[in-house]
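Taken from Swiss-Prot, the feature repeat 'ARM 1' covers 24-67. What Swiss-Prot records for 69-109 is repeat 'ARM 2', and it gives sequence analysis as the kind of evidence. According to Swiss-Prot, the repeat 'ARM 3' annotation covers 111-150. Annotated repeat 'ARM 4' per Swiss-Prot: 154-198, in sequence order, evidence recorded as sequence analysis. Annotation comment: Swiss-Prot describes 204-244 as repeat 'ARM 5', evidence class sequence analysis. According to Swiss-Prot, the repeat 'ARM 6' annotation covers 245-286. Residues or ranges marked as repeat 'ARM 7' by Swiss-Prot on the basis of sequence analysis: 289-328. Residues or ranges marked as repeat 'ARM 8' by Swiss-Prot on the basis of sequence analysis: 330-370.
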């Protein structure tokens, strides 16, 4: 091949690689990845654009970024929270609200996101979304609030929301969901309220629920055997938290909560539900009224004895606490002994390897054997006259 032919072949080779069509323009609704720090302002820009399809895609993109701790902080710093909260209030599109509520659940997974959510009225927006016509939006809103309420700052913010009207309204909504057959959302509502009661300073929250919402009689109604187990479990858990107040203990006895709780003191009941119910009994039976309500419930004390099983440690501790409380009533001690409490407690005391279980068993043994003052020496403790 002469030089001219080689030149022509080379030109054809170059033309073959140069003759490419221009890249096609992307459609208006295409969402492309932004790299490094460009991604976060771009995300906020797309969340606030005029195109509904782009906004939905941006909400899904935000979930991907929020799943990374480093990116989570940068999303918050870029201003994603108010943009997502605004989309949660978009009354024109159920799907947008659904995506927004689910994205806020991821945002609230970290305390920095939960705090930012509270600062931009996100908690009020989520509380309003609990009454959304779309069931999917309500489900996601409950999930987001439960996630945010893991932090004490959010619990305090929820207490103050709506001038103190949000938590009582949550109690009403939980009842409405239970009556409507939506057991899952009713349970979520009760779990959210229980989480709020775990605030470091919870006197205001308890007051809103006990005094304003009149939660005690409602919770007693939710303990009825015909209701779904998850609802009864969540109701027992919340009742135990509210029963830290003395007037709530008395009210729980008056509305008949004690016999309903004792129904859960059985080996046939799922352990988590039994654990919560017996814990609530332990709180209520501190009062004299609670002791005699348990004593007068048919088969109630035998039920407590039946769950004295060290295989389920927390349930066993709760049951021994309740037994110790009830045994302060003289009439209860004979019934407990007849139900076989003595040998069970002694076995737990002798075989326990955890100090808190051993101490709870010792307290229950001493209380069941009590005849007169002064108290006998606690089992396992050294004699009083020893140095």
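From the backbone N, Cα and C atoms, a Cβ is placed for every residue, glycine too.
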Non-local residues, at least 6 beyond the ends, that sit with Cβ under 8 Å of the repeat 'ARM 1' (24-67): 74-75, 77-80, 83-84, 86-87, 93, 95-96, 99-100, 102-103, 106-107, 109, 113
Surrounding residues of the repeat 'ARM 2' (69-109) on its own chain - C-beta under 8 Å, 6+ positions past either end: 37, 39-41, 43-44, 47-48, 52, 55-56, 59-60, 62-63, 116-117, 119-122, 125-126, 128-129, 132-134, 136-137, 140-141, 143-145, 147-148, 154
Within the repeat 'ARM 4' (154-198), residues counted as helix, strand or coil by DSSP: 40 helix, 0 strand, 5 coil
Within-chain partners of the repeat 'ARM 4' (154-198) [C-beta distance under 8 Å, separation at least 6 from its ends]: 108, 114-115, 117-118, 123-124, 127, 130-131, 135, 138-139, 142-143, 145-146, 148, 204-206, 208-209, 212-213, 215, 218, 222, 227-228, 230-231, 233-235, 237-238, 241-242
Beyond the flanks of the repeat 'ARM 3' (111-150) by 6 or more, those residues with Cβ under 8 Å of it: 66, 72-73, 76, 81-82, 84-85, 88-89, 94, 97-98, 101-102, 104-105, 157-158, 161-162, 166, 169-170, 173, 182, 184-185, 188-189, 191-192, 195-196
Close approaches to the repeat 'ARM 5' (204-244) from elsewhere in its chain (Cβ under 8 angstroms; 6 or more beyond its ends): 155, 159, 164, 167-168, 171-172, 175, 178, 183-184, 186-187, 190-191, 193-194, 196-198, 251-252, 255-257, 260-261, 263-264, 270, 272-273, 276-277, 279-280, 282-284
Long-range neighbours of the repeat 'ARM 6' (245-286), counting only residues six or more past its ends (CB under 8 A): 206, 210, 216-217, 219-220, 223-225, 229, 232-233, 236-237, 239, 293-294, 297, 299-300, 303-304, 306-307, 309, 312, 314-315, 318-319, 321-322, 325-326
Per-state residue totals over the repeat 'ARM 3' (111-150) - DSSP helix, strand, coil: 31 helix, 0 strand, 9 coil
